[in-house]
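*Asks:* Here it is, the structure in full.
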Amino acid sequence: MGLDQARRHNPHRNARPCGQPIHPYGMIAVAFRVGSKYGTHKMMSIHSLDHLLTKRGGPATVQRLRWIEAKLYWSGEMSRGDLMKRFAISASQASIDLASYKDVAPGNIVLDHADKRLKAGEPFEPVFVHDARAWVEEERQAGTEAIADCVRASDPWATVPTDVVRAMMRAATNRSCVSVLYVSLSSGSRERRLLSPHTIVDVGDRLHARAFDHGKLRFADFVLARMDGPEHEGGAQWVDGSADSDWNEEIGLELGPSVELEAVQAATAMREIGLPASGGRLYVRRALAFYLLKRVGFVEDLHARYVCSNFEQLSGMLPEPYPNTPL
């Protein structure tokens, strides 16, 4: 691959996301560093990491290299002791890992001689693709203290009985049916429903299962917090989610800033949903369109910060009932 080709394939070019190859230990971007201030003309690809995986203890090594990079990427600095504590490894092994990461991503890690801390280099070009929420959750589960506090206003997982979550996840994973006592807020009824769940959906403030309702012969959303008494139904035939057209088909939402917003307000509002100041199109599963519109405030307030210019075209495509919450 020539230099021009390398630049065209660089996932960090113009700071735009592009497709990355899937690696057994996370999504890994193909990073190219040509003539940087560190005086290197090295071109690095996932093959370097693949080579590590062939060595004894390779998978564990790659896991630690991923952590080193994430620590530098999100925290900006680290020490050899941080790595030793996080993975309960010796000082010598930590030194080997740090040296390995420097070989994989030269320039990403530099020693600050003033405080003897390892700092993120500039420019910092990640080898792995990192997700902020995954990093926070992983470090929290590991009991890491040196991490910024990130608190959710509500935790929908905490409101659902464990037996319900376990039953629904097992049914979706094992492609089997489950029956639950379900309360419908629209009708007030509490009755046992036979379901074929295929996906558990976290929309931020609640969890629901996307499932086939054997009684009403349709796919719909069932809120987990409204379920009780789950029972495995081995004799029933599970209905595959591939038949759920509302789930499998995407629709485009044309979203733009409200005309009542000033230019700076409009640009900021659109940035919150990942679109340019002038607006754009967000693609979403048709079954999730209601939740996206609700999140941006469009459902409750037609004069919110955003406008959906093609809402009239979409209204017939959105799951019924709309805009009421499902079931």
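Please read every residue number as a count from 1 along the shown chain.
Placement of Cβ uses the backbone N, Cα and C atoms for every residue, glycine included.
Residues or ranges marked as domain 'DNA-binding transcriptional repressor CapW winged helix-turn-helix' in TrEMBL: 62-131. Residues annotated as domain 'WYL' in TrEMBL: 164-229.
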*Asks:* Of the residues in the domain 'WYL' (164-229), how many are helix, strand and coil by DSSP?
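*Replies:* Its residues fall into 14 helix, 36 strand, 16 coil.
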*Asks:* Going by DSSP, how much of the domain 'DNA-binding transcriptional repressor CapW winged helix-turn-helix' (62-131) is helix, how much is strand and how much is coil, in residues?
*Replies:* 36 helix, 11 strand, 23 coil
*Asks:* Mean pLDDT over the domain 'WYL' (164-229): what is the value?
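*Replies:* A mean pLDDT of 90 is what the model gives the domain 'WYL' (164-229).
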